[in-house]
Amino acid sequence: MKQFTSVHDVADVETLVKEALNLKSNPYSDKQLGENKTLGLVFLNPSLRTRLSTQKAAINLGMSVMVMNMDKDGWALETQDGVVMNGTTVEHIREAAAVMGQYCDILGLRSFPKLKDREEDYSEDFFNKFVSYCGVPVVSLESATRHPLQSLADLVTIKETWKGEAKPKVVLAWAPHVKALPQAVPNSFSEWMCKAQELGMVDFTIAQPEGFELHEGFTPGAKISHDIDEALAGADYVYVKNWSSYSSYGQVLPYPEGWMMNNEKLKLTNDAKVMHCLPVRRDLELSAEILDGPNSLVIHEAGNRLWAAQAVLKDLLQNLS
Amino acid sequence: MKQFTSVHDVADVETLVKEALNLKSNPYSDKQLGENKTLGLVFLNPSLRTRLSTQKAAINLGMSVMVMNMDKDGWALETQDGVVMNGTTVEHIREAAAVMGQYCDILGLRSFPKLKDREEDYSEDFFNKFVSYCGVPVVSLESATRHPLQSLADLVTIKETWKGEAKPKVVLAWAPHVKALPQAVPNSFSEWMCKAQELGMVDFTIAQPEGFELHEGFTPGAKISHDIDEALAGADYVYVKNWSSYSSYGQVLPYPEGWMMNNEKLKLTNDAKVMHCLPVRRDLELSAEILDGPNSLVIHEAGNRLWAAQAVLKDLLQNLS
Amino acid sequence: MKQFTSVHDVADVETLVKEALNLKSNPYSDKQLGENKTLGLVFLNPSLRTRLSTQKAAINLGMSVMVMNMDKDGWALETQDGVVMNGTTVEHIREAAAVMGQYCDILGLRSFPKLKDREEDYSEDFFNKFVSYCGVPVVSLESATRHPLQSLADLVTIKETWKGEAKPKVVLAWAPHVKALPQAVPNSFSEWMCKAQELGMVDFTIAQPEGFELHEGFTPGAKISHDIDEALAGADYVYVKNWSSYSSYGQVLPYPEGWMMNNEKLKLTNDAKVMHCLPVRRDLELSAEILDGPNSLVIHEAGNRLWAAQAVLKDLLQNLS
C-alpha cells in the first residue's frame with residue numbers, strides 16, 4: 001500500500017486481516033522494519049483509542065512516534081487556494097503538510113467533518129489536500145467520511161471470533177444519541193462489510209430509521225431495512241452506532257421508539273455478539289446490561305485496533321520507496 | 001507489587017527506599033526489564049514533576065511511554081452507573097479504562113479532588129473505578145487523597161541525607177496559601193512518615209492551625225500540635241505544605257499569624273533541612289531566603305522523584321503476570 | 001558549545017554548517033552519542049516545525065525526548081524576585097527550571113515576547129533566568145528576540161544551494177502582515193548573516209519601510225535600505241519576513257504599497273531563491289505564485305531545520321560534562 005485512507009487502498013483485504021491476527025500472536029517480530037522510521041500523528045480533533053493504539057502499533061514495529069495536536073499546540077490552517085491570508089488562518093495546508101512530510105516517513109491524520117456543508121465534507125477537501133501535499137504515505141486516523149483503521153479492526157474482530165460454518169449475518173444498527181455525529185464510522189464499516197460480503201466473508205444488513213440512509217456509494221450490495229426487529233432476526237453480529245442524517249445533512253431527525261439495543265432486542269438475534277467503536281453512550285445507544293454482559297465485544301474490538309494499525313503500518317513500511 | 005496507590009500497597013517500605021537509592025547509582029542497569037513494555041500516563045490535571053520524572057523513570061527501564069492528557073486531548077468521563085448518558089459525559093470510565101489497559105502494560109493516573117463533596121473525594125470513586133476496570137497495574141500520579149510517588153521520594157530524600165545517629169525529627173508544617181488545595185500531599189506524606197516511624201526510621205510531628213487537622217486515618221502515631229514554634233523545636237526536617245480544611249471541607253479557614261516558614265523559624269530547629277513537594281508560593285508558604293539558602297532540599301527532593309518512580313515501576317514490571 | 005541561544009554561542013559557524021550538511025548525508029551515524037540522554041522540550045507557545053524537527057533530530061542521535069507544553073499541561077510561572085507569590089503565578093522559574101534540569105540532559109525552551117514592554121522583552125529576562133537556573137545546556141526554540149535554530153537552518157540552506165563563484169547577495173525583505181509579530185526571526189537571521197558576511201560567505205542587505213528598523217545590535221555590517229526595489233536588485237536570495245516595529249515597539253505602523261514579494265519583484269533580482277521561515281501568509285507576505293513556483297526554497301529550508309537541530313544537539317552532547 002502507498003496510503004491507507006479507505007478500503008479501496010487495500011489490494012487484498014483478507015490478507016491484511018490475516019496479517020493483523022498474525023501480529024497479535026507475534027507483536028515484536030518486525031521490530032527492525034521500523035528502525036530509523038518516524039510516524040507523525042496529526043490530530044485536529046480529540047482521540048483516545050486511535051491515538052494510543054496507533055502509537056503502540058508503531059512502537060511494536062520499532063518506529064519512533066511524534067504527536068502533533070494541531071488544534072492545541074499548533075494553529076488554524078487555510079485550505080482554500082487563491083485567497084489573501086489576512087484573516088484567522090495562520091498557515092496554508094500546502095506548507096504545513098509539506099513540512100510535516102519533511103520530518104516523518106509516514107503521517108497519520110485525524111480531521112472530523114464540520115457537518116455544515118455536505119459537499120465540502122464529502123469532498124474530503126482537507127484530507128485529500130493533506131495527502132497530496134505532504135509527500136509521504138498517509139494513514140487515516142478518521143477523516144470527514146471514513147474511519148478505516150476502525151473498520152479493519154472490526155473485520156479482524158469478526159474474523160477472529162466467528163466459529164460458525166456458514167458466513168455470519170452482520171447488522172449495522174443505527175442507535176439514538178443526543179448529539180449530531182458524523183457518518184464516518186458507519187460509512188466506513190459499511191464499505192468494509194460490503195467488500196467482505198463480496199469476498200464471501202459475511203452477509204451484511206444495515207438498519208436505520210427513515211431519513212438516516214447512508215450515501216449509497218458506501219453501501220454497495222448491503223441489504224437495507226427500516227425495521228430494526230426484522231433486521232436483527234438471526235443476526236450473528238450487531239454493530240451499534242449512531243449517525244446524523246446524510247439527506248438532511250448533519251441533522252438529528254425525529255425517530256421512532258425502539259432503536260436502542262438491549263437484551264430484549266438481543267433475543268431476536270442468533271445470540272449475537274454486540275460491537276461498537278466507542279465511545280458509547282450507555283443506556284442511550286446501547287444498554288449497560290449488554291455492555292457489561294457476555295455478548296459485548298466492545299473492549300476486545302478496541303484491543304484489536306492495535307493489530308489493525310500494526311498491520312497497516314507494516315504494509316506501508318514495506319512499501320516505502 | 002500489583003499496584004502503587006498508597007503506602008499500603010508496599011510490602012517492605014525500607015527495601016523500596018533502598019532500591020530507589022540503588023537505581024540512583026545505577027540508572028540503566030535494568031534496561032532490558034522494560035523491553036516491549038509500555039507505560040500509559042493518563043492526566044486529568046496539569047503536571048510537571050510527576051509527568052517528567054515518571055516518563056524518565058520508564059525510559060531508564062527501557063519502557064515506551066504514551067501520554068494521554070484526558071482533560072485536553074480526550075473528553076469528559078462518566079463514573080456513575082445506572083445513568084442514561086444523555087448529558088455532557090462522552091464515555092464511561094468502564095470502557096475508557098478498559099480500553100487504555102488494552103494498549104499498556106502499566107497505567108499511571110492523575111485525578112485531583114473537586115474539593116466540593118468530601119465523601120465523594122475520600123471515596124476515591126474515580127480512581128478506584130479506573131483501577132478496577134483497566135485490568136493492568138496502576139501507579140498513582142496523585143489521586144484525590146494521596147500522592148504516594150511524592151511521599152516515597154520524600155522518604156528517600158530523608159534516608160539519603162540523614163547522617164545523624166538517632167532518628168531524625170520530621171515535622172509536617174502547614175503553611176499559608178491563597179487557594180484551597182487538596183489534602184493529598186499531606187495525607188500521603190503523613191501516611192508514609194507514620195509508617196517510617198513505626199519502622200523506627202523517623203520521629204514524626206504534624207503542626208497545623210486549628211481546623212486544619214488531617215483525617216486521622218492518615219496520621220496513626222503522629223504527634224499533633226497547633227503550636228508551630230513548639231513543633232519546630234529540635235526538628236531535623238521541616239516539610240512545608242499548605243492544605244485546605246478537612247473538617248470544614250475544602251475551605252481556607254482564618255488562621256493566626258506566624259505559619260510561614262522563614263529563617264527566624266528555622267532558628268527554632270536543629271538546623272533543619274526544609275522540604276516542599278513544589279510548586280511552592282515564595283514568601284507565602286516558605287521564604288525565598290530559605291528556598292535559596294543552604295537548608296533547602298526542594299530541588300534535590302524533586303530530583304529524587306525520578307528514582308522513586310523508577311523503583312516503583314521496576315517492582316511492578318517484575319511482578320507483571 | 002555549552003548552550004545554543006544565539007550565534008554568539010557558536011565558536012565556528014562554518015564548521016557547524018558543514019556538520020549539519022554531513023548529518024543530512026548520514027543521519028544515523030551518531031546514534032550511540034545520545035544513548036541514555038534525554039532532551040526536554042519546554043513550550044510556552046505553539047510550535048510546529050521547531051517541535052517536530054528538534055524531536056526528530058534528537059531521535060536520530062539516539063536520545064529520548066520529553067515534551068512539556070508548559071502553557072497547557074503546566075501552569076503560569078513567576079519570574080520576579082522578591083515578590084510575595086499570592087497572585088496567579090503558581091511556581092517560580094527558579095524552581096521550575098531547576099526541576100526540569102533534574103530529569104533532562106539538555107533542555108529546549110520556546111518563549112515568545114509579549115510585545116508590550118521593549119525593555120522587558122529585549123532583556124530576555126525569562127529566557128536567561130531559565131538558562132541560569134536549570135543547570136543543564138539550553139537550546140533556544142525561539143526566545144523573545146532570537147530564533148537561532150531557524151537562522152542556522154537558513155544559512156545551511158544558502159550554503160547548500162549556492163553554486164555561484166562569487167558570494168551570494170542575500171536580502172532580508174520586510175513584508176506586510178495583519179498581526180504584530182516579534183522581531184525574533186529577523187533579528188536572528190540578520191545576526192547570522194552579518195556573521196556570515198564577516199566570514200566572507202554572503203553579502204547582506206536589509207530592506208524595510210521607515211519605522212521598521214531592527215535594533216542595531218543585530219545588524220552589524222548589514223547594508224540597510226528603505227527602498228525594496230533597490231535592495232532586490234541583483235539579489236540571489238530573498239528572505240521574506242514580517243516584523244513589528246522596534247522603535248514604536250510592537251506596533252504595526254502604516255507602510256507604503258509594494259512590499260509584498262511577488263513575481264514582478266522577482267524580476268528585479270538575479271533569479272533569486274525565495275526563503276521564509278514559515279508559517280507564511282499567502283498573498284499577503286509572499287505571493288502564492290512564488291510559493292508554488294521554482295524559486296521557492298521554503299519547504300527545503302524547513303526540511304533543513306532537522307539537520308540544523310541535529311548539528312546543535314550533537315555538539316551539545318559532545319560537550320556534556
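Heads up, residue numbers simply count up from 1 along the chain you see.
For all residues, glycine too, the Cβ spot is worked out from N, Cα and C.
What TrEMBL records for this protein:
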- A:2-160: domain 'Aspartate/ornithine carbamoyltransferase carbamoyl-P binding' (DOMAIN)
- A:Ser47, A:Leu48, A:Arg49, A:Thr50, A:Trp75, A:Arg110, A:His147, A:Pro148, A:Leu149, A:Gln150, A:Cys277, A:Leu278, A:Arg305: carbamoyl phosphate binding site (BINDING)
- A:Glu142, A:His177, A:Lys241, A:Arg281: N(2)-succinyl-L-ornithine binding site (BINDING)
- A:193-314: domain 'Aspartate/ornithine carbamoyltransferase Asp/Orn-binding' (DOMAIN)
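In the three-state DSSP scheme, A:Glu142 (N(2)-succinyl-L-ornithine binding site) falls into the coil class. When the binding-site residues A:Glu142, A:His177, A:Lys241, A:Arg281 are screened for a Cα within 10 A of the Cα of A:Leu149 (carbamoyl phosphate binding site), the ones that qualify are A:Glu142. Taking H, G and I as helix, E and B as strand and the rest as coil, DSSP gives the domain 'Aspartate/ornithine carbamoyltransferase Asp/Orn-binding' (A:193-314) the counts 39 helix, 20 strand, 63 coil. In this structure, the CA atom of A:Arg281 (N(2)-succinyl-L-ornithine binding site) is 16 Å away from the CA atom of A:Arg49 (carbamoyl phosphate binding site). Proximity to chain B, taken as a Cβ less than 8 Å from one of its Cβ atoms, holds for A:Ser47, A:Arg49 among the binding-site residues A:Ser47, A:Arg49, A:Glu142, A:Leu149, A:Cys277. Between A:Glu142 (N(2)-succinyl-L-ornithine binding site) and A:Arg49 (carbamoyl phosphate binding site), the C-alpha separation comes to 11 Å. You'll find the Cα of A:His147 (carbamoyl phosphate binding site) roughly 13 Å from the Cα of A:Lys241 (N(2)-succinyl-L-ornithine binding site).
If you compare Cα positions, A:Lys241 (N(2)-succinyl-L-ornithine binding site) sits closest to A:Cys277 out of the binding-site residues A:Ser47, A:Arg49, A:Trp75, A:Cys277. Filtering of the binding-site residues A:Ser47, A:Trp75, A:Glu142, A:Lys241 by Cβ separation from chain C (threshold: under 8 Å) yields A:Trp75, ordered along the sequence. A:Arg49 (carbamoyl phosphate binding site) sits 20 Å from A:His177 (N(2)-succinyl-L-ornithine binding site), taking the C-alpha atoms as the reference points. Within the same chain, the residues at least 6 positions away from A:Arg305 (carbamoyl phosphate binding site) whose Cβ sits under 8 Å from its Cβ are A:Arg49, A:Thr50, A:Ser53, A:Thr54, A:Leu149, A:Gln150, A:Ala153, listed in sequence order.
There are 22 other Cβ atoms within 10 Å of the Cβ belonging to A:Ser47 (carbamoyl phosphate binding site).
A:Leu149 (carbamoyl phosphate binding site): 26 other CB atoms within 10 A of its CB, across all protein chains. According to its DSSP assignment, A:Leu149 (carbamoyl phosphate binding site) is helical.
Comparing Cβ neighbour counts within 10 Å across the binding-site residues A:His147, A:His177, the minimum falls on A:His177.
Cα to Cα, A:Cys277 (carbamoyl phosphate binding site) and A:His177 (N(2)-succinyl-L-ornithine binding site) are separated by 14 Å.
Residue environment of A:Lys241 (N(2)-succinyl-L-ornithine binding site) contains 22 other Cβ atoms, counted within 10 Å of its Cβ in all protein chains.
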